[in-house]
Amino acid sequence: MDGIISKLRNFDAYPKINEDFYSRTLSGGLITIASSFIMLLLFISELRLYLHAVTETKLVVDTSRGETLRINFDVTFPALACSMLSVDAMDISGEQHLDVKHDIIKNRLDVHGNVIEARQDGIGGPKIEKPLQRHGGRLEHNETYCGSCYGAEASDDDCCNNCEEVREAYRKKGWAMSNPDLIDQCKREGFLQRIKDEEGEGCNIYGFLEVNKVAGNFHFAPGKSFQQSNVHVHDLLAFQKESFNVSHKINKLSFGDYFPGVVNPLDSVQWIQETPSGMYQYFIKVVPTVYTDVSDHTIQTNQFSVTEHFRSAEVGRLQSLPGVFFFYDLSPIKVTFTEEHVSFLHFLTNVCAIVGGIFTVSGILDSFIYHGQKAIKKKMEIGKFS
């Protein structure tokens, strides 16, 4: 038994030295304190990395098909009234959403930016007792109201019972409404009066759009939009104005849901128009993104980058439509973020590397200083005796 124990002692890689042979120095004490402090700092840093999740990023080809894209927006126009402003969306597949009203809220703003009124899109107003019927007479008692569409009826049975329906019928025909005061419904509802009452006001418009996941654009522009000879046109004659100030501030703009660490470059961006009229354009590259947290909850969303351009309405050229346009295109590359915890074995390995590495380096440094001092001291003693 004693022979086995003796053989095991021969494997000892850490031979012990009697304490009587230890020589403790001031430099060794200082190096020990400094190395212990550094070791503690690195240990705390490694512990924080272990306790918190790390995010791994990968790039893959986006193979998804037939999905929709949610566009969240909150934009303020300090010099454009809510009654003038409309939202349109269209894409390269040919699908169009003109004068979108659902899921959109407009806030009327005074000159100081305070909210006057919040409402769904559309214009309401009082109606007189006897509106004009389609056949030309006034509405009588016990008679069903059917207003005229003023030649824009798609069939003989169509009725336009308010100003908005007349404007919509005109839009479908590709006609512009030059003078709303000649339209009985608009005159009764005070369409022009409403525009005059909101003169000098601003508008905050917010909500979201659900569009196809293909390249396209959406825009905020004055007037009701329609197609004329396959050209997208806005009816501006009804407002009886020569210029429109499309200065704006983008409070929020995102493509999809929020995820930790996302940066939307257009949030809080503001632009002031200096020319009488023009078109402000944002060209956006949308990058599909998948974020998976440590609990395996997945968020399908998007990031984007953007460039900007302003087209002014110069004399002698085709006047550009006043408004703010967002042209977006989709990247074929998808970014995936995955949150993961560092394994305990990885943490233990790093801690051992920290302790061993600092201990070794401090030992080499202490040995260098100790032998250097010893050599200098010996030379000084030789110099005294010579």
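Cβ from N, Cα, C; glycine included.
These numbers come from a predicted model, not from an experiment.
Listed in TrEMBL:
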type     : residues : note
DOMAIN   : 8-97     : domain 'Endoplasmic reticulum vesicle transporter N-terminal'
DOMAIN   : 149-366  : domain 'Endoplasmic reticulum vesicle transporter C-terminal'
TRANSMEM : 21-44    : transmembrane segment
TRANSMEM : 344-370  : transmembrane segment
**Q.** Counts of helix, strand and coil residues, the domain 'Endoplasmic reticulum vesicle transporter N-terminal' (8-97), according to DSSP
**A.** 32 helix, 27 strand, 31 coil
Q. Which bits of the chain, at least 6 residues beyond where the transmembrane segment (344-370) starts or stops, bring a Cβ under 8 A of a Cβ in it?
A. 25, 27-28, 31-32, 34-35, 38-39, 42-43, 46-47, 49-50
